[in-house]
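S.K.: Just passing along the structure, written as C-alpha cells.
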Amino acid sequence: MLKIGLTGGIGSGKSTVADLLSSEGFLIIDADQIAREIVEPGQPALAELVEAFGPEIIKEDGSLDRQGLAAKAFVDAEHTALLNSITHPRIAEETARRFAEAEANGTKVAIYDMPLLVDKGLDRGMDLVLVVDVNVEERVRRLVEKRGLGEKDVRRRIDSQVPDEVRLKAADVVIDNNGSLEDLKANMKNVIAEI
C-alpha cells in the first residue's frame, strides 16, 4: 500500500486538498478527525486535558471547549508541548490502527492528512509527501476572515509549527494554494496524475 503524507501549515487549505483527493476516491486518514475523536466525553485524553489545563476547558454539555483549550495551550511552547504529550501518542496509535485496517482491506493508496507530519518527523514514514504551500500573510487573512480567529492567536499558532521552509524541504510534491479554489483544482489534476 502506498502511504502518502499530506501536510501544510494552519490555514494552507490542506483540508480542501484532502477533500479534493477524497472526491477522487482516495482513502483519507484525517489526524484532525482522530484528534477530535480522542477528546470526546468519556475518553481518557479529555480527563487528562482537564487535569492539565483546568475545568474551564469543558462546555456545559461536557464536551471540550476547543477555543478555550487553544487559548491556554498555545500561549507558549511549554503549554503546547503539554497538549501534544497528551494527544499525540493517542493520535499515533489510532492512525497506525487505521493504516493497518486499510492495508488489510486491500487499499492501494492511503493519504495521511496530518498538520504536524514534518514537525513530528512522520514524513520519513511516508512513501510520498505532499505539502500545501501558502504565504503566511494569506494564511493569516484566511483564518481571520473564514474561521473568525484573532490575528494574534493565528500568528501564535503559525509560530508553534515548523517554519514553511522546513516543511517544503520534506516535500516530494508542493501544491501551491496562493490562488483561487479553481487554481487549486487545476493544480490538483497534475498531483492526482502523479499519484
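From the backbone N, Cα and C atoms, a Cβ is placed for every residue, glycine too.
Found this in Swiss-Prot, in case it helps:
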- Gly11, Ser12, Gly13, Lys14, Ser15, Thr16: ATP binding site (BINDING)
- 3-195: domain 'DPCK' (DOMAIN)
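Neighbours and distances for these, please.
M.R.: Note: Thr16 (ATP binding site) has non-local neighbours Asn177, Leu181, Leu184, i.e. same-chain residues 6+ apart with C-beta under 8 A of its own C-beta.
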S.K.: Of Ser12, Ser15, the binding-site residues given in the record, which has the fewest other CB atoms within 10 A of its CB?
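M.R.: Taking Ser12, Ser15 as the binding-site residues, the minimal 10 Å Cβ count falls on Ser15.
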S.K.: Does DSSP put Ser15 (ATP binding site) in a helix, in a strand, or in coil?
M.R.: helix
